[in-house]
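Engineer: Dropping a structure here in structure tokens format, bear with me for questions.
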């Protein structure tokens, strides 16, 4: 056979396929779209986070000292390392939080880094947006500041603007700095993940805010080679055991581990959509080739061998895959931009970029997928015996035919597994687990859906109302009532279904016939119906589960910050600000009650007389533990006792006045996730922030519950202990708790900004809003990923309807010849697909509800449930989507003229 014959034959065959060819292409395209779009999202995230890791790390070594800040005296150690040649250079950074208003919510705050312009940054010079030839050394002086592009976009400032920034201290009052915007740097290189950042020089900062402690939270270091890097890290860890160090290799390893997990998740989600699209290819090829049995018989009679037919139909499938791959890649390039925006909402600064290898591989994946899933129908079609077709003898389902089908299914699974392994970066074990795990789950689900389809297809549509039918309706109403008690939304759906069933007895005859035909057609092509239900089930289940978990968790967060807290605004002050606020509390709008405790920052030194460098040397949660030991809240025990619920030991009382007894956080005990195994009777040695005072605290109890209910200090102590451990330069800080009418919170915050502009004010409702926003951003990503499976389901519906119209062409012609109108025939298609969509979505949401309850109980120890609006909305929406899709596809087919059909047949 000539090569041109292959291409002419297959291309013309695809052109004759028309709508069915387009749907087959889309089946491939949606799978390729999912895989490539999610791979591109992973590529953009990886390139943004790891493209210049040395710059992102701030140098060869970055030192994080937020839990144990370093003082000016500590910097002499780094001077010694520099003199010895162990390090090449270093720069120390003071990290604080700032805002453009006196009372700034966490959502509107930004990072302020106080740096030495002569040595910052070390790794690489930033890329200036404005002025283009700017430098940190030249611009950062005389109260001038530099901001990131993200800062400029969020706060709408421009170069030359003058404004006030309000520095918020960790303990006590902050400071107000009047600054001028001198430059803007791009969020790339050293500032690639900086977010909303403002840089100010150390000289200007210390001149304008002399009362604030000059403690350093980060040190960035450069070395001449890896040997010196390793030596420096060992020396730093020995000298400063409470800080954490990170080399470029450490940063890359940490980032790569997280990125690998994200990429695997995205790729597996894409593979699921590819699998669903592949099933659509199987359906399409089976129907198209079954309609060409006469053609196949003539080809074989003319002397074409099986291998020739394999080549012909294989090339046809390959062209479908190639076209589908191209369409999918083009769509993926556009959709990946939206996925990138969703990822940026999670806090990543992701630069849009397209990877040519990923795009090219998408076309190859489309080609391979079409061949893999087209293999089974191609081989079965090529085995058609010409004599059986010519004599119109039905095919015998012999044991050999069954064995061939089983063999082809096994071969299909192996080939798809190999393709999945390649997509998953040659991870053989993960590829096998994902593919065969998915196959096992889908097989079990198919068996269950097969039973549901069988029952649905047998539902009666009586000619007239009778007692037997009434008994069935009453039984369904009883089931709906029982379901409503346990699962209200599903009970409502079953009530509606029962009413529709009852109404079917009183429908006009034409609608009765359409309904009955729709029900019987559901069971007639059971495999295709189950395939459609599977695709819808996966999409609806994923979306329903994500939405339900998000809504429940958001509700729980809202309850914590609105119903379970005694106070909703906290103001931390020092010095004269404390007395000023106390005197003017009565002027704050909406204030109903208030209370005040002392508060301070600490430096933990030892646990049970054992230095922390030994206790925490192997603990991977060192920074978290340090945070739980680094601040303290004090109570005047002669007047009150801490409002905490005790989990172990006892609470502080009047007898503890004058002692150093404390109550600690539950995470520090054996039952906490940090596994510190602390208990009443243990001791904690701590020092003041300036290192001038040291005390040994005795643990007498462990509190339980959320710290926001009564205190912000992780360690609960006496007022005398807090006073003794407060740094002399800062003084004793006071945390004032305010209960303000939520309707007047904004006015109250403005008033606080006027009374004590340098106070660190915290609106707890803003924390809840911030958490909710982060949760919603995560949900947006998950829903977007789940929607790809839903899109594949829609295409499966469209494909199934188109193939059904082709198979039932004679049936349509006969129906129209005996008086049925196009509208009547179309109504049957709408009813059939509406039932399929509704039943598939109903079962998916039922399982999602069970999953939500189990997850809530096991993971969160909460009672979570499915919202009625969400459940009913998704079920009804899925049914309507199935109906609309069916109408769009079947609109032309149902208008066929009977004479055309009968002559064709």
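Placed from the backbone N, Cα and C atoms, the Cβ positions cover glycine too.
In case it's useful when we look at the structure, here is the feature table from TrEMBL:
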DOMAIN    21-238  domain 'MacB-like periplasmic core'
DOMAIN    268-384  domain 'ABC3 transporter permease C-terminal'
DOMAIN    529-742  domain 'MacB-like periplasmic core'
DOMAIN    785-894  domain 'ABC3 transporter permease C-terminal'
TRANSMEM  21-45  transmembrane segment
TRANSMEM  264-289  transmembrane segment
TRANSMEM  309-337  transmembrane segment
TRANSMEM  357-379  transmembrane segment
TRANSMEM  400-423  transmembrane segment
TRANSMEM  435-455  transmembrane segment
TRANSMEM  467-486  transmembrane segment
TRANSMEM  492-508  transmembrane segment
TRANSMEM  529-550  transmembrane segment
TRANSMEM  781-806  transmembrane segment
TRANSMEM  835-860  transmembrane segment
TRANSMEM  872-894  transmembrane segment
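Context for these features, please: burial, neighbours, distances.
Structural biologist: The domain 'MacB-like periplasmic core' (21-238) scores a mean pLDDT of 86 in the predicted structure.
Counting residue by residue with DSSP, the domain 'ABC3 transporter permease C-terminal' (785-894) contains 94 helix, 0 strand, 16 coil.
Beyond its flanks by at least six residues, the transmembrane segment (264-289) meets 17, 20, 23-24, 27-39, 41-42, 296, 313, 317, 320, 365, 369-370, 372-374, 376-378, 380-381, 416, 420, 423-424, 427, 430, 434-435, 438, 528, 531, 534-535, 538, 785-786, 788-789, 791-793, 795-796, 799-800, 803, 806-807 of its own chain at Cβ-Cβ distances under 8 Å.
Residues 28-29, 31-32, 35-36, 39-40, 43, 274, 277-279, 281-282, 285-286, 289, 309-310, 313-314, 316-318, 320-326, 328-329, 332-333, 404-405, 408-409, 411-412, 415-416, 419, 423 of the same chain lie 6 or more positions beyond the ends of the transmembrane segment (357-379) yet place their CB under 8 Å from a CB of it.
Sequence-distant contacts of the transmembrane segment (400-423), counting only residues of its own chain at least 6 positions beyond either end whose CB sits under 8 Å from a CB of the stretch, comprise 35, 39, 267, 270-271, 275, 278, 365, 368-369, 372-373, 375-376, 379-380, 383, 430-432, 434-436, 439.
Within its own chain, the transmembrane segment (435-455) is flanked in space by residues 271-272, 275, 413, 416-417, 420, 522-523, 526, 529-530, 533-534, 537, 839-840, 843, which lie at least six positions past its ends and keep a Cβ under 8 Å from the stretch.
Within the chain, the transmembrane segment (467-486) has long-range Cβ neighbours (under 8 A, six or more residues past its boundaries) at 460, 492, 494-495, 497-498, 501-502, 505.
Same-chain residues lying 6 or more positions outside the transmembrane segment (529-550) and placing a CB less than 8 Å from one of its CB atoms are 272, 276, 279-280, 283, 442, 445-446, 449-450, 452-453, 522-523, 775-776, 778-779, 782-783, 785-787, 789-793, 796-797, 800, 836-837, 839-841, 843-845, 847-849, 851-852, 855, 864-867, 870-871, 874-875, 878, 882.
Within its own chain, the transmembrane segment (781-806) is flanked in space by residues 19-20, 23-24, 26-27, 30-31, 33-34, 37-38, 266, 269-270, 272-273, 276-277, 279-280, 283-284, 287, 291, 338-339, 342-343, 345-346, 521, 525, 528-529, 531-532, 535-536, 538-540, 542-543, 546-547, 812, 829, 833, 836-837, 881-882, 885-886, 888-890, 893-894, which lie at least six positions past its ends and keep a Cβ under 8 Å from the stretch.
Outside the transmembrane segment (835-860) by six or more residues, the chain places 449, 452, 456, 487, 489-490, 493, 518-519, 522, 529, 532-534, 536-541, 544-545, 548-549, 552-553, 556, 797, 866, 871, 874-883 with a CB less than 8 A from a CB of the stretch.
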Engineer: Give me the DSSP three-state residue breakdown of the domain 'ABC3 transporter permease C-terminal' (268-384), ordered helix, strand, coil.
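Structural biologist: When I sort the residues of the domain 'ABC3 transporter permease C-terminal' (268-384) into the three classes, I find 98 helix, 0 strand, 19 coil.
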Engineer: Near the transmembrane segment (492-508), which residues from the same chain, at least 6 beyond its ends, have a CB less than 8 A from one of its CBs?
Structural biologist: 459, 461-462, 464-465, 469, 472-473, 476-477, 479-481, 483-484, 515, 842, 868, 871-872, 875
